[in-house]
Amino acid sequence: VHLTGEEKSAVTALWGKVNVDEVGGEALGRLLVVYPWTQRFFDSFGDLSSADAIMGNPKVKAHGKKVLNSFSDGLKNLDNLKGTFAKLSELHCDKLHVDPENFKLLGNVLVCVLAHHFGKEFTPQVQAAYQKVVAGVANALAHKYH
């Protein structure tokens with residue numbers, strides 16, 4: 001991902017304020033609600049029967065936190081996203097058979113959740129920088145797909 005120095009600073013400054021537990025669960029939960037076909041990858045998560053069930057599901061929250069912790073690793077390695085996400089790309093491709101388009105969907109949902117949480121602080125410039133980052137992460141996660 002090519003970010004200017006200003007964009008990198010904006011991304012890392014805002015990320016320092018993110019509550020990974022809260023935002024991760026909310027982003028993954030919203031993905032599962034808005035794009036219900038993504039639920040098929042989470043059969044073992046129990047009750048995903050309604051928006052309330054999904055948003056309150058402890059397994060969704062825990063996995064959302066895990067996802068955002070990985071995203072944090074990516075933010076520390078913006079110049080080597082493919083290397084950073086190589087193992088996760090392989091896992092999601094070869095073992096889990098996740099449609100790589102879902103990575104883009106989750107990235108866009110994450111941007112919406114960040115905008116909701118940070119309001120005016122999530123300026124158009126910050127949003128543009130985050131859009132670049134989530135696109136880069138989605139691309140890196142899709143790298144092992146044929």
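Just so you know, glycine gets a Cβ as well, placed from its N, Cα and C.
Under DSSP, VAL1 (N-acetylvaline) is assigned to coil, being neither helix nor strand in the three-state scheme. Long-range Cβ contacts of VAL1 (N-acetylvaline) within its own chain (separation 6+, distance under 8 Å): LEU78, LEU81, LYS132, VAL133, ALA135, GLY136. What Swiss-Prot lists as N-acetylvaline is VAL1, and the listing cites similarity to another entry.
What Swiss-Prot lists as domain 'Globin' is 2-146.
Residues near THR12 (phosphothreonine) in space but far in sequence (CB under 8 A, at least 6 apart, same chain), listed by position: LEU75. Mapped onto three states, the DSSP output places THR12 (phosphothreonine) in helix. Residues or ranges marked as phosphothreonine by Swiss-Prot: THR12.
Within its own chain, SER44 (phosphoserine) has LYS59 as residues 6 or more apart in sequence whose C-beta sits under 8 angstroms from its own. The DSSP secondary structure for SER44 (phosphoserine) is helix. Positions annotated as phosphoserine by Swiss-Prot, on the basis of similarity to another entry: SER44.
For LYS59 (N6-acetyllysine), other Cβ atoms within 10 Å of its Cβ number 15. For LYS59 (among others), the entry in Swiss-Prot reads N6-acetyllysine.
Marked as heme b binding site by Swiss-Prot: HIS63, HIS92. Counting only residues at least six positions away in the same chain, the Cβ atoms of GLY24, LEU28, PHE42, PHE45 sit under 8 Å from the Cβ of HIS63 (heme b binding site).
Under the heading N6-acetyllysine, Swiss-Prot lists LYS82 (among others). DSSP assigns LYS82 (N6-acetyllysine) to a helix in the three-state reduction.
Residues annotated as S-nitrosocysteine in Swiss-Prot, with similarity to another entry given as evidence: CYS93.
Residues or ranges marked as N6-acetyllysine by Swiss-Prot: LYS144 (among others).
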